Amino acid sequence: MAMLLPQNPSQVHAAAVNGDKNTLHKLITESALRDSEDQFGRTPLMYCVLADRLDCAEVLLKAGAGINKTDHSQRTALHLAAQKGNVRFMKLLLSRHADWRLKDLEEMTPLHLASRHSSSKPLSLLLKHMAPGEVDTQDRNKQTALHWSAFYNHPEHVKLLIKHDSNIGIPDSEGKIPLHWAAHNKHPNATRTVRCILEAAPTESLLNWQDYEGRTPLHFAVADGNEAVVEVLTSYEGCSVTAYDNLFRTPLHWAALLGHAKIVHLLLERNKSGMIPSDSQGATPLHYGAQSNFADTVAVFLKHHSVRDEPDLEGRTAFMWAAGKGSNDVIKIMLDLKKDIDINMTDKYGGTALHAAALSGHVSTVRLLLEQGGMVDPLDVMKHTPLFRACEMGHRDVILTLIKGGARVDLVDIDGHSALHWAALGGNAEVCEVLMENGISPNLQDQAGRTPLQCAAYAGYINCMALLIQHDADPNIQDKEGRTALHWSCNNGYLDAVKLLLGCGAFPNHMEHTEERYTPLDYALLGEHQELTQFLLEHGALSIAAIQDIAASSIQALYKGYKVRRAFRERKKLLMRHEQLRKDAAKKREEERRREAEQQLSFAEAGQKQRVLLAAVGVEKLSLDEAEQRVKDSVAAKGHKHKKSSSAHNSQSRREKPSRAERRTREPETSDAPSIRSLPPVTPMSTKKCPVTREEVCVRETFGPDTGISLNCGSANERRSPAGSSRPGSAKPVHTGTHVAPGHMETTPTPKPRPSTTGAHSKNASQDTPQHNETQTTSKGNKPISEHKPTGSQPSNNTSVTRQKEKRQEKETHREKDKRSRTEGDKQTVREKQKGTGIERAKERLMGRTRKKLAEKEKEKKKDGTCSKNQAAVVIQRAWRRSCVRGRIRKVLCRSLKGVESAEATALLIQLLWEWPVLHDHTHRKPSDVQAPPTRIAGKKSSVLQNIYGAAPSKRGTSLRAAALKTQSQSQSQVLLDLSLRTHKQLSAVECVNLVDSVSQAKQFSYHLRPSSGASQSSQN
């Protein structure tokens, strides 16, 4: 079959185009040549259609040429005939059963192509051969023949298609219906097509149909500026003038933006809402017209009663938009039509119309605003003036205009930037020169410490940097972080800028003030600028690592010198301290020697005094058994009276017993020792108004009741309290018994017949064992109760009296409480009678109970505080009196006694005086302590006094004497050696007495207060 093909198959196409029937008959004898295709895939039949060779087409069709053959565009001969509008060929092809449903590459049928043609005959011919429903066939863009007819503004085609039931509401791929394409035509006859479509369905949904961008047919009509179509569309009541597209723009916005003044007027008149819409930024159509400099359109807006110059969301008015766009005509129109326009009105950020004009660089607008009275230096929120905006953008003419208008060049913004900073940051060398000529310093720093040179170096503006350096800009100024202009140039790798700075004297090794302490070389290394790094190294630049190495070596050298100097100073201090210690040791040894000499001297004087006492006082020697029996009797009497005493006193008595047993074992028995029967009897004491001190008691016990020795009792009635006489009075202690403990009571001797036998003496002694009973009661006014005078027979009488007194006091208190409760009850009943409701009575009862409880609590607190204060005062008075009695006894024994007595009597007196506080200190208790168990107040009293004064002398007497024996054994032994051998044997069980130590111990509990007379006498001694 290939052998039958001619050498040049294009001859068939040429014969078809030229209409050479004879040649065509000859060539188409071969079947392969009937449908031969050229380079476009077209057959001879297609060329016949294109060349309008109907006879040749008939020849080809009779010869059997393919009628539905397609070219490379998938178009058939019918497509070409419909496109050409050749009705004859269309009839021929349709009569030969050509398929009109075939689509080309754009999915267009011959119907779509026929709708493009101005004649409606090809379209009507095709419609005759179509079945119902096939008229709305869509192409690739989802468009029907009606879309194409409306687009090409063929009203007859539209009517014909609508007559054949074409759907007018089918959207294409852009969401547009045929009405959109009909309105989107600038031809005045487009109104016919629009009317044809609207007459078919004049609905509101069709009028306001929005495509996929939200635009209605009115948007397209306004955009094309077709006033006739706009008038036709707006003539229908359902047409919306304020419909928003996806950009929130209405047809009125598009009319103002494009400057269609007539359409604007028409839309304003057809706007039934009476409100001017705004877009997504709050801009009104007036803003759009003002920025486009359409003075006529703006005039139409301003003349309409519903239009106002409202600001947008940023606070900018249409006047500001016009100034920013340089619309001088609009500015003039607005100033003429709106006399109330404020030229200096500010937006949300404080900007004015002059700011906008200066930023845009419109010199004429700036000049016009200044002529109309605009402020030359208004400040926005960033404290920028119009001059700052012009310098930032580099508008030299605007800057000169503003400076001539009086703009200040010395102002700075909120960050401390001057106009020169902004000009340098923009690289505007000419503007920088103008500003420096007007007095701005090139070394002015902002709040971060940056200069205009650093701003220019940051962007690498060489010309600006050179100009600043020519005007004496310092390249070595550092900002607050330590960076210089060289840092910024190296950071961005500007080699030319680095060369310029180093050539102008910039120091290459400035370090940052941050933790990294980077230098310009470090910035170049971090940015991997190799050429710049090499250049810096050649000019002596160092990195922070190299600088740290150099600094480390210098610091090490300095530290070595410092260590040597410090070692020398420490050695010097050590030698000086050694010398000082040696001097202190020598001084201490000298003081110890002097102290030892003084102690030996004092011990010698004490021994001499004791020898005088032993020689002066003559008392028969006591036997060891009788002395021990006497001590046991006193201890037994003490235990009988104080059964419920504290465990501390019992432990102390137990510690004293073994010591006495040891003395009994060590004491040698002598045959010629006098018995205790030969001693004078101990006379009992009775309390009087004039108290007798311990000195008088001791003297009368030694020399008898008839002795003529008398002591001064002038200050006996005085109240000896460490707190002074200003303290409120407390209960006076009352004591009974014969033996007197120092500072616990004041007694006077009562003469009694001296017994002749030892048994009587021991009996009296056992009966008259000192029982110190203290009765301390406080009345309402803290006045002391009258003293109780005991008979001195037995302790039970005292306790019974105190119990009776306590019972009386309790009865009195109960009576007082009953009286108070009765009076309060009477008052309460009166109040209840006055009150009307039961609720108020219940409230009053509750309040009364709470008041009673509070009053009782306050009374108990006051009573406890008063008792504790009185008890503390009594104990302090006892300690004070004890110290005074001991001092006076010592003075009496040293001064008044001059007789010579036996050493045994002296030893006995010393023993009695020494053991008296130990034996009878536990008996000084309140009667309540004997009759009832101790209360909380007593425990608090002892703990409080122990915290104030330490342990009682009676409790720690044994420990003090043991310490004294241990530390001063040599001195005491030296004193006792001076006694006779017989006396030494009898006194071996008696502890050594040091009256000076006793007085010093007493001083610890009396605040070192002594009577003036006693102090003067002691100083004289």
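Positions of Cβ are set from backbone N, Cα and C atoms, glycine also.
Remember, it's a predicted structure, so these values are computed and weren't measured experimentally.
Swiss-Prot tags one of the stretches 105-113, 231-239, 483-491 as motif 'D-box 1', and that stretch is 483-491.
Swiss-Prot lists motif 'D-box 2' for one of the ranges 277-285, 304-312, 862-870, namely 862-870. Using a Cβ-Cβ cut-off under 8 Å and counting only residues 6 or more beyond its ends in the same chain, the repeat 'ANK 11' (349-378) has close neighbours at 314-316, 319-328, 331-332, 335, 343, 384-387, 389-390, 392-393, 395, 397-398, 401-402, 405-408, 411. Panel annotation: around the repeat 'ANK 15' (481-510), residues 448-449, 451, 453-454, 456-460, 462, 465-466, 469, 475, 517-521, 523-524, 527, 529, 531-532, 535-536, 539-542, 547 of the same chain, lying at least six beyond its termini, place a Cβ under 8 Å from a Cβ of the stretch. Across the range of the repeat 'ANK 14' (448-477), the DSSP-based residue counts are 17 helix, 0 strand, 13 coil. Residue counts for the repeat 'ANK 5' (141-170) under DSSP, split into helix (H, G, I), strand (E, B) and coil, are 16 helix, 0 strand, 14 coil. Listed as Cβ neighbours of the repeat 'ANK 16' (516-546) (distance under 8 Å, sequence separation of 6 or more from its ends, same chain) are residues 482, 484, 486-487, 489-493, 495, 498-499, 502, 508-510.
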